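Heads up, the thing below is written out as structure tokens.
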Amino acid sequence: MQSAAAIGLIRPCAARPILKSPSPGAARLPASRVALRLSAAAPRARLVAAAGLGRIGLVPASPEQEKRSGGLVAAAAAGKAAPGEEAGEESGAALAKTLQLGVFFGLWYLFNIYFNIYNKQVLKVFPYPINITTVQFAVGTTISLFMWATGILKRPKISGAQLLAILPLAIVHTMGNLFTNMSLGKVAVSFTHTIKAMEPFFSVLLSAMFLGELPTPWVVLSLLPIVGGVALASISEASFNWAGFLSAMASNVTFQSRNVLSKKLMLKKEASLDNINLFSIITVMSFFLLAPVTLLTEGVKVTPTFLQSAGLNLQQVYTRSLIAAFCFHAYQQVSYMILARVSPVTHSVGNCVKRVVVIVTSVLFFKTPVSPINSIGTAIALAGVFLYSQLKRLQPKPKAA
């Protein structure tokens, strides 16, 4: 009878070298050690087959396959993914961070738009900016206490000395937001934000005066279009009045003073006192600082009795005031969250774009009359802010003392 190989059922295998029997003098391995060697080799062969590096079965691997399988074994032993998997995980993580940052920027702009619109609507019928600002700090205080109580935000451990150091920041923070509301109550939202584009000018001025940080000539030159653009927009602004203009300027001075004080007084802070916690503490302190001022100046005007006697829609005023107060706290908190993830220059550019978005949105919503000269002046000022933020990145950092 013919063999299976002869009739073609089985292909003849290539001749393999026959292992020579050990010489009589050679020591024989114990059976147990032979079994251990075979069992150790089996997983490696299975790994080669599973990875698609050889045929199914205990097939000897080529040198290239040995190298690749060795890399897989080393990665598995170290608890790491293969190089291709690591690259995929890194790209996925980078995409997730980019999407998260995009969401934060979107929320920052959205909260700011809603704050300005609802705040302006309330201030038009309820011209009491101190009351409005106190309500906004009260809502912010409630949100901060809720986040600490529920553990959403880690409750900071703060000393009395730190509270004293934060007090000047809370004072200028209170004044800055109060002056902003005073300006929004007197002039158009777009004009208030055009004036607030001069923040870089006061930042450079105050940093040079109190921190000794001298700007480069290029940074100084970038301030010229900012100042010129604001001046051009102010001349042609239909809603211009000195009370609104000076309030917005005072807001610039106080907010930039806050930034200078932050650098000067808060260089050494505990790890638990991050930017968001610092902002929350300042918000709580601002409420307690402004509440007695409200009583001594305007008095409490947000009561139902007063609003009804003034002929105002109680539900509308309360709803819009609370929405504006929530957005007021939310957009500032999201701003700090963004600052913790990007560089100050990127944050500054984002703030410049945010100001453009707010100006355009408010003009469209309130149908604010804008002359061509006013538009040109606003555009020049905002372009100067963008140029300033780019040149600021090239300015050498001051050496630590």
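Placement of Cβ uses the backbone N, Cα and C atoms for every residue, glycine included.
Those TrEMBL annotations? Automatic predictions, nothing curated.
Annotated transmembrane segment per TrEMBL: 99-118, 130-149, 161-180, 201-227, 239-255, 276-297, 373-391, in sequence order. Annotation source TrEMBL lists domain 'Sugar phosphate transporter' at 99-389.
Only sequence-distant pairs (6 or more apart) were considered; of these, at least three Cβ pairs between the transmembrane segment (130-149) and the transmembrane segment (276-297) are under 8 A, so the stretches are in contact. Using a Cβ-Cβ cut-off under 8 Å and counting only residues 6 or more beyond its ends in the same chain, the transmembrane segment (276-297) has close neighbours at 130-131, 133-134, 137-138, 140-141, 144-145, 147-148, 153-154, 156, 158, 163, 166-167, 169-171, 173-174, 177-178, 266, 269, 329, 332-333, 336-337, 340. Counting Cβ pairs closer than 8 Å and at least 6 residues apart in sequence, the transmembrane segment (239-255) and the transmembrane segment (161-180) reach three or more and so form a contact. Within the same chain, residues 184, 189, 193, 320-321, 323-324, 327-328, 330-331, 334-335, 337-338, 341-342, 350, 353-354, 357-358, 361-362, 365-366 sit at least 6 positions outside the transmembrane segment (99-118) and bring their C-beta atoms closer than 8 Å to a C-beta of that stretch. The average per-residue pLDDT of the prediction over the domain 'Sugar phosphate transporter' (99-389) is 90, rounded to a whole number.
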